[in-house]
């Protein structure tokens, strides 16, 4: 059997340490994330998975007294290089947060927010981007008749898909998701998971999740974090059926977590 | 059911009843004091209020005639103070809250602002007199609306800074992060997310500062001059309503005219407070669509 050709490496992390003040939160992480794959981070609370996610688009820069050692390369470019423009980086690496955070403005304006910030003013073009993004986020049919109503009137699941559409409107290459379904009910969760599977055709998706079934359902690869260390990273199948490390097995079988 | 202590429940309930009674009495007393003051001043002052009183210049040191120059002086002074203090104050609070990194300098600055707010207004008046009236007299016109306004700015800046900071801090950080994560600059995020959400609070802070200026006497006693004449420009001396009330009462002993001025002052302050509340509601509705 011929192994399927592996995609190019999109994100290459090497020897990454991360500190909150003096406290080290991530230890010597090395990891390759390939194009068009869904990569899941699992692990107990406080293990560093969200911190690591936020390293990938430098959202941790917003937290005072944090520092990074090692390298993170996206398409070969070190994103912590002083010449890198954080604004450009975050356009290419979008984030969907744990709690849906639509702006208190209309549905249309939420999706058009990013394009407008980039100077796009043409109504026609904005409309096209908004429709396209909402379709990709599988929300278009539910909101097409009320684009000018407040986004806060949507249900939690709809708000989260709106936030996904908002990210897609700036045409990123990578989408980071920080426990995107933890605030949603099972039906809304199912819809978002379907969407994630759909997204990997065009994007590289990195998802932090508390929910191991979710990681098993949506991801191609999984990394297990514990106390700021990546214990094991492999094909999702291998992690769940044939873990190599004792800690991974204990966590997956529910012995702790 | 298990009886822990017989009669305990009865005692707890009696204690609760007592507490509620005392608390409601305290609340009632507060309202009563407010009503008493408003009614007393109104009852004393309304008899002298007329169109003539509102629109004419005072005669014989304010024992006759009206208070029109004091109304105009108040408007000039408040307008000038807000024009100067609002942009500086709001700008400072944005810089403190959104740009300046945490650290010792920032805490020192915050503490200094607190201290400045706690300085008695007569000290501000003293400073304004020595600095704006005497030292900068050639530029401010000595005792003038400008000198008074600059003193007022120093006095209300900390109020505006503190209240605006409070408003800025209340903007949820997940919305700010959401905006930044979309690849927008900090300034764009401030313009589009932070300021619209903080605007109701900022506006209220400015309006409350106006109220403070209108009610202030000590800071202006030493700086604005107390002229009874209509001011032609900001370099002329003038009176505010509060100052007029004080001077008429102290210098002429005409309590009737002083109470008339007081009644106008109270109505003005009530209007401003209601306007502030209404504007706050309107802005909240407008920006949280």
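The backbone N, Cα and C atoms fix where each Cβ goes, glycine too.
Positions annotated as domain 'ABC transmembrane type-1' by TrEMBL: B:71-276.
Sequence-distant neighbours of the transmembrane segment (B:67-95) (same chain, 6+ residues past either end, Cβ-Cβ under 8 Å): 53-58, 145-146, 148-150, 152-153, 156-157, 159-162, 164-165, 168, 190, 194-195, 202, 205-206, 209-210, 213-214, 220, 224, 227-231, 234, 238-241, 243-244, 260-261, 264, 268. The transmembrane segment annotation in TrEMBL covers B:67-95 (among others).
Sequence annotations record features per position, and here TrEMBL assigns transmembrane segment to B:115-136 (among others).
Among the features that TrEMBL reports, transmembrane segment is placed at B:142-161 (among others).
Sequence annotations record features per position, and here TrEMBL assigns transmembrane segment to B:193-214 (among others). Sequence-distant contacts of the transmembrane segment (B:193-214), counting only residues of its own chain at least 6 positions beyond either end whose CB sits under 8 Å from a CB of the stretch, comprise 74, 77-78, 81-82, 85-86, 89-90, 94, 98, 152, 155-156, 159-160, 162-164, 166-168, 170-172, 175-176, 178-179, 240-242, 265, 268-269, 272-273, 275-276, 279-280, 283-284, 287-288.
The transmembrane segment annotation in TrEMBL covers B:220-247 (among others). Sequence-remote contacts of a segment are chain residues at least 6 beyond its ends whose Cβ falls under 8 Å from one of its Cβ atoms, and for the transmembrane segment (B:220-247) they are 57-58, 61-62, 67-74, 76-77, 80, 122, 125-126, 128-129, 132-133, 140-149, 151-152, 214, 258, 261-262, 264-265, 268.
The annotation transmembrane segment is assigned in TrEMBL to B:259-280 (among others). Counting same-chain residues at least six beyond the ends of the transmembrane segment (B:259-280), those with a Cβ under 8 angstroms from any Cβ of the stretch are 38, 41-42, 44-49, 53-54, 67, 70-71, 74, 200-201, 203-204, 207-208, 210-211, 214-215, 241-242, 244-245, 248.
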